[in-house]
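Okay, structure first, notes after.
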């Protein structure tokens with residue numbers, strides 16, 4: 001059996017592969033496959049000589065499968081056998097000298113083999129360190145690229161979120177015609193003899209809540225409470241949709257509890273946007289012409305509730321909502337944004353277009 005670092009002169013490759021000198025090429029391949037599987041370093045991690053033996057088996061197969069190298073090895077093997085025969089024929093003194101010389105040669109070769117083995121180990125260690133450094137570099141590059149991708153994605157998300165927040169802010173606050181105090185205020189008027197029970201603020205609220213859903217806190221404040229016993233007052237709502245629903249109910253339904261009750265906008269004209277939704281621009285003009293002092297004459301709006309709006313005095317009763325808005329289209333009670341959608345649409349489209357352009361720029365730069 002060969003040892004680590006043994007030279008070609010010391011190894012019998014036929015014996016190493018357990019073959020006869022006249023073995024065929026197929027026999028050599030078969031023997032190498034069987035022996036190499038048994039001594040492979042991956043299967044013999046605890047055997048320190050496994051790697052060297054596997055290396056010698058590989059060299060043996062390469063030499064014996066190459067016709068030129070095999071012929072050279074056969075000549076060397078025969079010369080070695082002849083030398084052994086000559087050595088056996090020497091007397092004891094010469095044999096001792098020959099053995100000493102042989103031992104010295106073996107020690108020298110062993111030393112050279114060990115040095116070669118150490119050199120191979122250093123080379124293998126260097127290769128291992130280089131491979132490890134390469135993997136670490138690739139890992140750092142991947143981590144850096146991944147971090148850059150994450151930072152880029154996070155920046156894109158922050159930009160989108162900023163645009164979404166701006167869009168929501170614009171929907172609620174900016175680029176929308178602001179509603180004034182008068183825009184959500186209605187005036188109510190009723191004959192005292194037909195509604196003698198309406199004397200307090202609570203009575204007005206109870207009447208209005210039959211239209212503005214009981215589960216919605218739509219009423220902000222009832223103004224001019226001192227005018228309620230006289231058959232009129234003003235009511236400010238929290239939302240424009242609540243005011244519109246009351247206008248629609250009073251103008252469209254002929255229920256007995258609403259007969260004789262007149263409801264109108266405290267500002268005479270409906271708020272901007274409600275005209276288009278309700279389709280009552282012509283009716284609004286009629287109401288303006290018939291009631292130039294509507295803000296002051298009904299319910300005391302302008303006397304101190306929101307400051308003076310007009311100094312004229314109404315000379316005729318304001319028409320009811322039913323006569324002023326004959327073609328009002330019912331609105332969705334749960335979607336107040338429909339009323340102001342047209343006022344916001346252009347800005348929303350601008351922001352969406354900006355988001356689309358930014359997304360395309362980010363994808364092009366990725």
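The backbone N, Cα and C atoms fix where each Cβ goes, and this holds for glycine too.
Annotations in TrEMBL come from automatic prediction, not curation.
Feature annotation from TrEMBL assigns compositional bias 'Basic and acidic residues' to 91-122. Marked as compositional bias 'Gly residues' by TrEMBL: 294-305. Taken from TrEMBL, the feature domain 'J' covers 12-77. Annotation comment: TrEMBL describes 87-122, 135-169, 278-336 as region 'Disordered'.
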DSSP helix/strand/coil residue counts for the region 'Disordered' (87-122): 33 helix, 0 strand, 3 coil
Residue distribution over DSSP helix, strand and coil in the domain 'J' (12-77): 46 helix, 0 strand, 20 coil
